[in-house]
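I have placed the structure first, in the form of structure tokens, so that the comments after it can refer back to it.
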Amino acid sequence: MTVVEDRPATSDAPPPRRGNPVWALLRNSWRQLTSMRTALILLFLLAVAAVPGSIFPQRGVNRENVAEYFAAHPKLAPQLDRFFAFDVYSSPWFAAIYLLLFASLIGCVLPRLRDHVRALTTVPPKAPQRLDRLPHHDSGPQRPEEPAAAAAEVARLLRRRRWRTRLRETPDGWTIAAEKGYLKETGNLLFHFAMLAVLVGVGFGHWYGWHGNRLLVEGTDQGFCNVITQHDESVLGPWVDASDLPDFCLRMTKFDATYQSTGVPKSFQASVGVSEDGGEYRSRTFTVNDPLRLAGANVYLLGQGYAPVLKFTDRYGAEQTKVVPFLPTDGMLTSEGVVQFPDVNIDPATGKRDPALQMGFEGVFLPTGGTDGSAVSKFPAADNPVLYLAAYRGDLGLDVGTPGSVYALDRQQIADGDLKKISGERPYVLRPGEKWTLDDGSALEFAGIRRFATISIRHDPTQGVMLVGAVLGLAGLMLSLSVHRRRVWFRVTPAGSGSVIEAGGLPRTDYSAFGEEFAALTRHIKEGTP
Amino acid sequence: MAELSNQLMALTVLAYLAAMVCYAGEYAFGKRSHIGKAATRELVGAGGPPVASQEEAAAPAEGRDPLIGRVAVALNLVALVLHLGTTVTRGIAADRMPWGNMYEYILSTALIGSAVWAGVLLRKPAVRHLGLFASLTLVVLLGAAALIAYTPVGPLVPALNSYWYVFHVSTIIISSGILLVGVVPAAMFLIKNGWDAGKRGFPYTLGKRVGDAGTLERLTFRLHAFAFPLFTFGALIAGPLWAEASWGRYWGWDPKEVWAFISWIVYAAYLHARATPSVKRTTATWIAMLGFLTMLMNLFGVNLFFEGLHSYADAG
Ligand code: HEM
């Protein structure tokens, strides 16, 4: 592994030039930066710098966890935040390390590329004076031919074994120099260039990629189109404009899930209709591990849950139906949610909306309720669905303009007494088809259940390039680690009517099997086998 | 079948333990001159044939090895077979590849490590003096698996149901198995090197009976150089391919991913250090030891301390 050692000694001891000190400083810094020692230190720094990202929650990975951390450590968290502890991988100090490594890598591989091209185009060097000083030496082989023919034969044998061979005539006979294993350095350079490509790819992916998340409920009335406003959450790369998103619409016709008897999921499948660029809806399916691949975006299935269908009939007889996703809180899909009806109980005589008469219901949905009445689901399939709800009447606080959670009622409104609980201590139990009539004659009906899927819509333009880069890099790495560079020399001198051949071998990298190879080579030359 | 697997597991640990005791016995009471010399000779021979050809005639007959050493090897092989049985029956019981959760993952990783060790042992019987350390590592790994990470047999969750899962996990298991075994010659090299340098404190006394330092160092490098590309494929190609299909992004800095990245960088640093003539071989080997610690962190620490997407990593 010492190919680097014998780089032409250009830079090690440059003649002291009197010149611009700034230039000298720059040159020195560059030489420092591109030294192997610096590369080592930078690699270490990169490894160490990556550690905090596994200790602290990361915004890029899970925003909620970061929020929880802030809540749990109100003093410490803002301090940590100043050092980008929650954005380690996009922090300036992380970037500084990998950019330095990037520079070091360029500074390292470009000269090596030049040297390697030079090595590939130059002939193997002349034989050293004393072959017996080399790590491997054999003075034995004799051949019946005279030196010129014997040397040609040796060269032929070497070339057949794909040694790069050079025949030279000397005053007392012939020498043959041969070298093999150039692929090691080729592979090594390929690997390091692939690393550069991957680093560049990561950057472009970050700049030109985007993604959005969306909760999609079954039913053609619940479809969505791929525009920012219809994503529940979206992240666009710095160089992506909202109008760049590909135009397609999705509606989920059916969501199938099967489970083991233990409740562990066995399979999921989302059946959807897809319309691209305003075309007809075509049926497609996708599942976990098998995303929906569309032009310019992929759609991934991330999660699942239930959306009860609730129909509210107000005190004047007006009806409203809502399909409300409840968010799962455990593996058995015990789900929490809220349904709000701000526009009900409008007196048909006046047409005025009374904010004190808005309605809200909050509670849990169990796909499989137990017999014990506990609010915990026993199984994730909808075998015995139950809703446990509490009813509230009053100002839901939706008009204030501060966007609250759509999965819980506004606690402040309840605390202020503007939103009052009108059901009893214990939540009301509703099963599909059942109706709950309230004190003022209004009623809530549990009209049905639909499934929902949480999906992620993503585009990463450099994914393919990255894969190619990684595969090439791996190929280069394997070449680099398995090929060995070595040289052999033969000196052919006359001996009687034939010739004697002295052989020397030099493994240029740590290559323990070279002895065997060298022995086989000299044996073949002795025996003249092909 | 699941029951059988659990019983085999207990037997496996016992067999490794017994092998360890015998190795320790030989280590403590064996005649230094005999084993030490044979070890040096054979290992050096393996490193370069010319030496081997000179020494071949002088190599001692196998039969002269102390009985306890041969018993240790036999027990080691029995343990390996039991280990294989444990893993296979586990796979049959679950009707899938036996690497769906942390317990199975460690079981399979240790199996690969053990098989590599047995392979080295059979090809070069003289490395037997490392057996104490190899079997100790295995006992600790399997013990931890059984005590901390045991999970009843269950099917795969849909997220794990993918081809890439098979490639990803199998290559990572094989490569981390080899990297875990690689720590044995690495540590022995450092100990032996210290002993040769005249250190006589505790860990260095272990170096008294160990073969040639250079050979140990070369073995360390070979194991690492072999496992590194495999680990690269498993963690940095197959893993991201699967993550892309499953989670929509090929890399997301999940704690498992972070630590795989860290291990990879540290091992890359090891290869660099070893390739740099100005860096001492001991320094390079210390980097390999550090790599081993990061692997342990990934295998156990991440599952115990952090929460992430790698659901199978739940220690239960
Ligand atoms: C992104 C960071 C880098 C990674 C992941 C990386 C990885 C590797 C790996 C795995 C090897 C082992 C292959 C082998 O031994 O043949 C290697 C070899 C090498 N690397 Fe890097 N490297 C990085 C950056 C650099 C930099 C910045 C330099 C220049 C200073 C450099 C110079 C070399 C050299 C000269 C070798 C050949 C060693 C030899 O086998 O003789 N690498 N690199």
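Glycine too: its Cβ is placed from the backbone N, Cα and C atoms.
Cβ atoms under 8 Å from those of the compositional bias 'Basic and acidic residues' (A:129-146) belong to residues 153, 489, 491, 494-495, 497-507, 514-515, 518-519, 522, 525-526, 528 of the same chain, restricted to positions at least 6 beyond its ends. The compositional bias 'Basic and acidic residues' feature in TrEMBL is assigned to A:129-146.
Annotation source TrEMBL lists domain 'ResB-like' at A:36-519.
Taken from TrEMBL, the feature region 'Disordered' covers A:127-148.
Here TrEMBL flags A:39-56 (among others) as transmembrane segment. Proximity of distant same-chain residues to the transmembrane segment (A:39-56), defined by a Cβ-Cβ separation under 8 Å and at least 6 residues beyond the stretch ends, is recorded for 69, 80, 85-86, 88-89, 93-94, 97-98, 100-101, 104-105, 108.
TrEMBL lists A:93-110 (among others) with the feature transmembrane segment. When Cβ-Cβ distances below 8 Å are used as the criterion, the transmembrane segment (A:93-110) is approached by residues 30, 33-34, 36, 38-39, 42-43, 45-46, 49-50, 84, 189, 192-193, 195-196, 199 of the same chain, each at least six residues removed from its ends.
Taken from TrEMBL, the feature transmembrane segment applies to A:189-210 (among others).
Residues 181, 183-195, 197-198, 201-202, 204-205 of the same chain lie 6 or more positions beyond the ends of the transmembrane segment (A:464-483) yet place their CB under 8 Å from a CB of it. Residues or ranges marked as transmembrane segment by TrEMBL: A:464-483 (among others).
Counting residues of the region 'Disordered' (A:127-148) by DSSP class, helix then strand then coil, yields 5 helix, 5 strand, 12 coil.
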